[in-house]
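For reference, TrEMBL has these:
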TRANSMEM  A:20-37  transmembrane segment
TRANSMEM  A:57-89  transmembrane segment
TRANSMEM  A:101-122  transmembrane segment
TRANSMEM  A:129-147  transmembrane segment
TRANSMEM  A:167-192  transmembrane segment
TRANSMEM  A:221-242  transmembrane segment
TRANSMEM  A:262-287  transmembrane segment
TRANSMEM  A:294-318  transmembrane segment
Amino acid sequence: MTTPSTPSPAERKFHLPPVGTFGPFIALLIACTFFALQTDRFLSGENLSLILQQVAVVGVIAIGQTLVILTAGIDLSCGMVMALGSIVMTKFATDLGLPPGIAICCGLAVTMLFGLVNGLLVTRLGLPPFIVTLGTLNIAFAITQLYSSSQTVTDLPDALTWLGNTFGLAGTNVAYGTVLMLMLYGIAWFWLRETASGRHVYAVGNNAEATRLTGIPTHRVLLGVYVLAGLFYGLASLLSVARTGVGDPNAGQTENLDAITAVVLGGTSLFGGRGVVLGSLVGALIVGVFRNGLTLMGVSSVYQILVTGVLVILAVAADQLSRKGVR
Amino acid sequence: MRLNPLLALSAFALLGHASAMAADPPVIGLVTKTETNPFFVKMKEGAMEAAQKSGAKVVASAGKADGDNAGQVTAMENLVAAGAKTILITPSDSKAIVPAIKKARDKGVQVIALDSPADPADATDALFATDNYKAGVLIGEYAKAAMAGKPAKIITIDLLPGHPVGAQRHNGFLKGMGLTTFEAKSNELAKPAEVVCMADGFGDQAKSQTAMENCLQKVPAVDVVYTINEPAAAGVFNALKKAGKEKGVIIVSVDGGCQGIRDVAAGKIAATSQQYPLKMAAMGVEAGIAYAKTGKKASGYVDTGVMLIAKNPVAGVESKDTKTGTDLCWGKK
């Protein structure tokens, strides 16, 4: 899958990052400048904080998705696993009356279990991630609907929605959920960049066979990635519950594609082995900024979809061109 | 004489078949948009219940997601193959489903649209549905009376571009408010000067919350918010509450689901127009049985009724209280 000329992560460290790394930032800056010129409300601290809150769920799902895509895989089940996690958390806390902390842990356990199943099927049976996660997408969706009877879960304890609360910072209200998202990005970024196990993720994505021959336990790395991804989806469940104040069985329907969009816009290669997790945050923000900005301008939501489509193709094209080397 | 086992078997099979035919209740197919939306879950329950009472058999099927036309086409084909003489359908895509409906009708199947019309409406034998324009007018009148003559700044959180139900409720609402608007047949959303922000929430709570937050960034002060349905209204209330602006804003909606009525009782939603999926389904099943017995098909548009539910009534607008709303609501009581 990978070309031999692709530089190993260690080599790349000493070079300037390729345009692909800066591209997403530049696109985000251009979009922000455009909307700031169009409407004077766009650049207010309150509005920017709002955009961060709005992208938090997809943003955190996108961290898990980035890990999977870095290994040259893909996870279609992420949105539905997120929805299942939120239903488990909310129903365990309300119907079963478990303390919120325990209910949250159960939700996280369920999403990690789905990650484990995905990982085992990919590594032990050698099934393609696309197919495995297509299957688990449907399974997670069905369990969510059956367990919730397709009904929204309401009257939640405060602890479940606490992340949706805000605190004042420099005259702006910032949600705790935003802070959690930024922290998670910081941790994932540090882990991927500075630790051996993090570098192994890149190595597996670049060339799994070569990595295995150097003595790195490829399967264990892959399994770990899927379980970790499940953890991030579970944390996204918590953010989703906090944001809407309910357990919504119909959540997560578009989140798998939204998360993949964010990862691709953020410059992570769908072919694996190349990308920066912070890019996915930028990718999620690009989509969020367009939705917010176009509403401020009074433009139909269809244009946001149009722009997103164009940007996705540009991002993949940039990745492909940079792999071939610009002639 | 030894009995030929094969002959005996086929005779038995024939007998079984014949007796099954004699006892076969009329089969009525029900095709909803999804299996998971509580509105359609309730509609299916209503159909099953009505069928049980009168000795008919309802076979239910659905598209995979809202907008899944191909899934509905497959469901219709399967139901015709299964011997359904009447098919009740809630079209996901009012135009795209028409050829499949025509194919079924050509085979003598009675097709009745529930909840949403096909386009053109006469593609089906009959339509049993809420008058969505009227549903909009009712909440518009309520909001106008509640504003007591003061000019209103209005935000609308709509369904999605080009959807007839979304346009009818939106335009009907503006009509009730006494503002410039389009007539019931239009698929375009009117935008008089009083509407300060229009955004699409896709009938989804989280997306509607995002849409409302963005609208509040555009226009900090608002008096009236129209929402396409109650999940959207819940999202709007969340957005207002987080911005500390929920006081004095009139949120109106359409649907009348049990959760929505609870939100009316809690004061989150000022008023909602309640519709009756159970009734639509029951009427559809009755029409199916009538066709099986007499060969007479249903025809035309039948309004299944809509009622304004409000916690605080306003002068000059007829409304029922939340207790009545709860008695008649669909979803988990």
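Including glycine, each Cβ sits where the backbone N, Cα and C put it.
Only pairs six or more apart in sequence are counted, and the transmembrane segment (A:221-242) with the transmembrane segment (A:294-318) gives fewer than three Cβ pairs under 8 Å, not enough to call it a contact. As a quick check, the transmembrane segment (A:167-192) and the transmembrane segment (A:57-89) clear the bar of 3 or more Cβ pairs under 8 A, pairs 6 or more apart, so the two touch. Listed by sequence, the residues of this chain that lie at least six past the ends of the transmembrane segment (A:57-89) yet keep a Cβ under 8 A from its Cβ atoms are 1-2, 103-104, 106-108, 110-111, 114-115, 118, 122, 129-130, 133-134, 136-138, 140-141, 143-144, 147-148, 153, 160, 180-181, 184-185, 188, 192, 201-202, 204-205, 208, 221-222, 225-226, 228-241, 243, 247-256, 258-260, 262-263, 266, 268-275, 277, 279-281, 283-285, 287. Within the same chain, residues 1-2, 6, 9, 17, 20-21, 23-25, 27-28, 31, 51-52, 55, 58-59, 62-63, 65-67, 69-74, 181, 185, 188-189, 192, 202-207, 304, 308, 311-312, 315-316, 318-319, 323 sit at least 6 positions outside the transmembrane segment (A:262-287) and bring their C-beta atoms closer than 8 Å to a C-beta of that stretch.
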